[in-house]
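Quick notes on the structure that follows.
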Amino acid sequence: MMNTLLQQAPSWGTTLWFIIAAVLLLAVVLGFVTYAIYFERKVIGWMQLRIGPNRVGPLGLLQTVADVAKLLLKEDIRPQHADKALFTLAPILAYAPAFAVLAVMPFTDSIRFADLGIGLLYYIALSGITVLGVITAGWASNNKYSLIGGLRSAAQMISYEVPLVMSVVGIVLLTGSMNLKDIVEAQRDVWNIVPQFIGFAVFIIAAQAELNRTPFDLPEAESELVGGYHVEYSGFRFAMFMLAEYVYMFGMGALITILFFGGWLPIHPSLDFIPGIVWFILKFSVYVFLQFWIRATMPRLRVDQLMSFAWKVLLPVALFNILLTAVVVSYQNGMF
């Protein structure tokens, strides 16, 4: 349907449909963010032999709603010597790209918004813009802790963006396309996690660093930097940074599901009667649970360990995966 609308001449009707689609997508993402935070606190609580949130609403289901309402009602404080324009712009720079990447995600064969031939490249290009919001927030706050957090984020994003991109080159070699729908369709016989297990391992580690999640959460390390790049933010601006983090996690989970877990395809052809969106949600939920598990169990790395691991371990492994995949593809095509 969206492709049909994209091919039509601009009109008030098509504009209205695009607005409705954007609002629906935003509602789904906000619903995910609301209850991802709740389940993260609940799961980590269980792992640490605690109960977790259980006060607001039945089983604590409205705890996140109460927290969001509290943030929105708090005073919006801006440091006296902060750069006003950039201080205001930073949360938008952090959030907008994280939401925009969802436009190319094919959740099923029919539920997708834009079928780009270079959907994978689009995602990689836009996701790199998020770091600009973090760096801008760190510099514009006129705070040493914020600045150090922003600089750490820049170094981390540059270091881990390289192996992240290289880890998906093997998939592009196997499928011959950067269209996310074509990548899913190419996994009908076997999911990419099997022939591209090395690439998957590199991707999921680099993705963890890109999300600034444990054990790579150095840009906002509470024990070292008070709160990192958003230490001077409060109210709805602070909420936008938190929202950007979980929206980005939503996008990364969707991308991993598409690239390595077969997207909406069933685990066996005999289970094809189950709707594709159900399979997508199940696979996506496995990744989200893995995020919670890692946060509950792993310690934070030092800065030198973080950088060394990216350049001395992940990058060589990603290059080896590209070489190995190229040899296999060449052999299959009869070049040897």
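Glycine too: its Cβ is placed from the backbone N, Cα and C atoms.
Here's what Swiss-Prot has on this protein:
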- 17-37: transmembrane segment (TRANSMEM)
- 85-105: transmembrane segment (TRANSMEM)
- 116-136: transmembrane segment (TRANSMEM)
- 154-174: transmembrane segment (TRANSMEM)
- 190-210: transmembrane segment (TRANSMEM)
- 247-267: transmembrane segment (TRANSMEM)
- 274-294: transmembrane segment (TRANSMEM)
- 309-329: transmembrane segment (TRANSMEM)
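Most Cβ pairs within less than 8 Å of the transmembrane segment (190-210), among stretches 85-105, 154-174, 274-294, 309-329, belong to 154-174.
Against the transmembrane segment (247-267), stretch 274-294 has more CB pairs under 8 A than any other of 17-37, 85-105, 116-136, 154-174, 274-294. Cβ atoms under 8 Å from those of the transmembrane segment (309-329) belong to residues 159-160, 162-163, 166-167, 169-170, 173-174, 195-196, 198-199, 201-202, 205-206, 209, 301 of the same chain, restricted to positions at least 6 beyond its ends. Packing against the transmembrane segment (154-174) from elsewhere in the chain are residues 120, 124, 128, 131, 134-135, 183, 186, 192, 195-196, 198-200, 202-203, 205-207, 209-210, 212, 216, 218-219, 259-260, 306-307, 310-311, 314-315, 317-319, 321-322, 324-326, 329: each is 6 or more residues past its ends and has a CB under 8 Å from a CB in it.
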